[in-house]
Amino acid sequence: MSSLSAKASHGSHEKPLYSSSTSGKFSQPQIQHRKGLLGTLARHQIDGPLVAILTILGTYTLFPNSFAKKFLFFQEYDPTTNTYEKSWEDLYFCLFWVTAFTFLRATVMTYILMPMAARLGATTDRSILRFAEQGWICIYYSCSWVLGMYCIQLTPTWNNWFVWFHTDQFFDSYPLTALPVITKYYYWLQFSFWIQQMFVLCIEAPRKDFLAMISHHLVTVLLIICSFLLDVTTFGTAVFVSMDLADIVLSLGKCLKYIGMPDSICDPVFACFMFIWIYTRHFLYGHIIYAWTVYAGEYYSKTTHYTIIGLLLVLQSLMFFWLWSIFRIVYKMFASKGGVVDDRSEDEEETVTAPEHVHHNTKQRR
């Protein structure tokens, strides 16, 4: 669920990542971090989480029944129904995966995606870093969307592949105090991911759309928390799958742009993204808002009912804000008779930012 971020820039004013020497060494981007504690956290997104992860895994290996078990597994399991009940101890699992996602993101970006970007043709600090960021998003959302679609199809809410949801079935199994194993893990992994996304936004140098993004993430996290407290995780799963698909195509299109793919490839991907955005984030998500507005009043107080409506509409208003940016991109594309150019990239004031770990000596052949 991300906004349109800046398109790849291949201008000659940026320092190339490849040195001119014959050694073919991979030169790391020039980095500027926040100052103070946030900067320290940004510089240690691999080694810091790795120590915590190894400590928990090592403790569990040596002492299987120790406190470390709570970080790795849910506790309230009912073998007769193969479900997990809600428990405040689930927060330990969330904390572990916030740490794990921080480690995984930084590691995959540094040691896989950044060298890959250089091999595929990204030649500047900015383009190689942005490729890595969007590549990680593409990988994560591809996995989460497939798993989310599987989970939603286990519920009576699932309709068909044209209109995904039965709006009158969201409360069919209310209250959902126990979740199937796969759904429980999916939902808490998603929650952990969004907490980690907020963490990344806060520790890394802010960009032009920081306010819109942090607002979006905050509303998303609040809706997830409310779905837990109100026992309506089916609504949350529906929101997840209706949002994630567009991000897969968007991040893929950005990656193609960052490595210099021609407009004949990038423009069709953008057109596909625009269609998916409107279909999933406005048409399908509109069904979710309708379902809550019409049916939730039977189960909750007016205060709760209207508070959730407000949060859902705030999220939708942000989607319309970014849809307007998409239309502006399309207009500029036709007006200039050129390829897709991100609406906010021309005047974006940003500094290439990445964790300290990207300074490690990574070698890459031409």
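Using N, Cα and C of the backbone, Cβ positions are placed for all residues, glycine too.
All TrEMBL annotations are machine predictions without curation.
TrEMBL lists 18-29 with the feature compositional bias 'Polar residues'. The annotation domain 'TLC' is assigned in TrEMBL to 129-335. Look at TrEMBL and you will find 1-29, 346-366 tagged as region 'Disordered'. Per TrEMBL, transmembrane segment is recorded for 46-63, 95-114, 135-155, 210-230, 268-292, 304-327.
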Problem set entry | Residues from the same chain, set at least six apart from the ends of the transmembrane segment (135-155), whose C-beta lies under 8 A from its own | 2, 105, 108-109, 113, 116-117, 164-165, 169, 172-173, 180, 182-183, 186-187, 189-190, 193, 234, 237-238, 240-241, 244-245, 247-248, 251-252, 255
Exercise. What mean pLDDT score does the domain 'TLC' (129-335) have in the model?
Worked result: 92
